[in-house]
Amino acid sequence: PVFRTPRAPGQGWENDLSRRQPRAAGMVTVILQPAGRCRWDEPVRIAVRGLAPGQPVTLRASLRDEKGALFRAHARYQADAGGLLDLARAPALGGSFVGVEPMGLVWALEPDKRFWRFLEVLDGHEPDAGRLLGRAVHERDFLRPGVRREPVRAGRARGTLFLPPGPGPFPGIIDICGIGGGLLEYRASLLAGHGFATLALAYYDFEDLPKEINSIHLDYFEEALCYMLQHSEVKGPGIGLLGISLGADICLSMASFLKNISATVSINGSGFSAKRGIYYKQTCIPSLGHDFRRLKVAFSGLLDVVDIRNDIVGGHENPSMIPIEKAQGPILFIVGQDDHNWRSELYAQIASERLQAHGKEKPEIISYPGTGHYIEPPYFPLCPASVTKLLNKPIIWGGEPRAHSRAQEDAWKQILTFFCKHLGAIQNIASPKL
């Protein structure tokens, strides 16, 4: 089958069978469920009917992103005695992954050199040879039908608000990205599909915002919080915060200094003021700082920055630590044990010690083995390395593809459950069935 994810909205799954006949007597049919369009964080079940009993086939997937970069994955399978291949039950025998991985052809995609995705079934076990047996087309997008997208230009605050379908008000979340800057909307749009009014908030390198970020001033984020609290379709009295990396530390700082924050999720945050000081009114949290002599070169030749931060003298009482004991609502720490940006698991443990030392409840820490820094919504391919603005050089982020993919699936469910519990929303995560 051709398993294709178009970038343009409004196109869905199609079954487009090849005119070439397989070795089996019948025509090969590709079955995809859910049929038609679905969200990026929804699993898709893939099956192939009409194969010969025990027929070896290769499924080949490719994706071209909006910048034109090509990603590929392939896996070898064998049909069962009835000529059926169901990826939910059949193990991959080799290729980009092995074993039973129903979404492996998505999460295992690797860059080859638009969210158009191709999935093809080829006769035999060679990824670049064999007859094309059948194809199917499907769109995976980020906007559930009825979700409204509203640009936000409120005072200094810049971002995009996604509102769920139907009448409000809805529980609200502010979503803050990491050090890359700009405006990233994919996670906020998915959250709106789950019933949350979600503001994807930019804080630098976007429109008239500063091009660089030298320090964190919480009064900017307070403006965004006030915008959400005053919005007629956002339900109070409190807002949820979701952030990754530097964005997670901003969320922890907001929860510590600002009011009306009901729940906070930190994805691989540190809980410290890192390279940049954090300011709110007359308060300054000094930077922990870096020691670039600790920079390492990985076997791949990429830089490894996991240990370049200065030591945490004084543990949880270090003056560079964010005073999270002041937070009004609960905090969920999502941690990748193979995070190579910094030692997220250690920092989460120190945060837990600080909270308990100040008479607070022990926070929930969910740690995932084999999981790197960029824990995204489900089925995003692993980002093992990229250029960072800190050094302007490629560095490794950590993570093993299969473990990281499974962590992303579970972490997303944990995040949705956490916000449903503390903000009030109805959770509905359905599994596809054939």
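Using the three backbone atoms N, Cα and C, a Cβ is placed for every residue, glycine included.
Not measured: the values here are computed from a predicted model.
Copied from TrEMBL, the annotated features are:
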- 216-424: domain 'BAAT/Acyl-CoA thioester hydrolase C-terminal' (DOMAIN)
- Ser245: active site, charge relay system (ACT_SITE)
- Asp339: active site, charge relay system (ACT_SITE)
- His373: active site, charge relay system (ACT_SITE)
Determine, to the nearest whole angstrom, how far the Cα atom of His373 (active site, charge relay system) is from the Cα atom of Ser245 (active site, charge relay system).
8
Mean of pLDDT values spanning the domain 'BAAT/Acyl-CoA thioester hydrolase C-terminal' (216-424):
95
If I take the alpha carbons of Ser245 (active site, charge relay system) and Asp339 (active site, charge relay system), what is the distance between them in whole Å?
10
CB within-chain contacts under 8 A for Asp339 (active site, charge relay system), separation at least 6:
Asn268, Val306, Glu345, Thr371, Gly372, His373, Trp397, Gly398
I'd like the Cβ neighbour count for Ser245 (active site, charge relay system), meaning other Cβ atoms within 10 Å of its Cβ, all protein chains included.
26
With every protein chain in view, how many other Cβ atoms are within 10 Å of the Cβ of His373 (active site, charge relay system)?
26
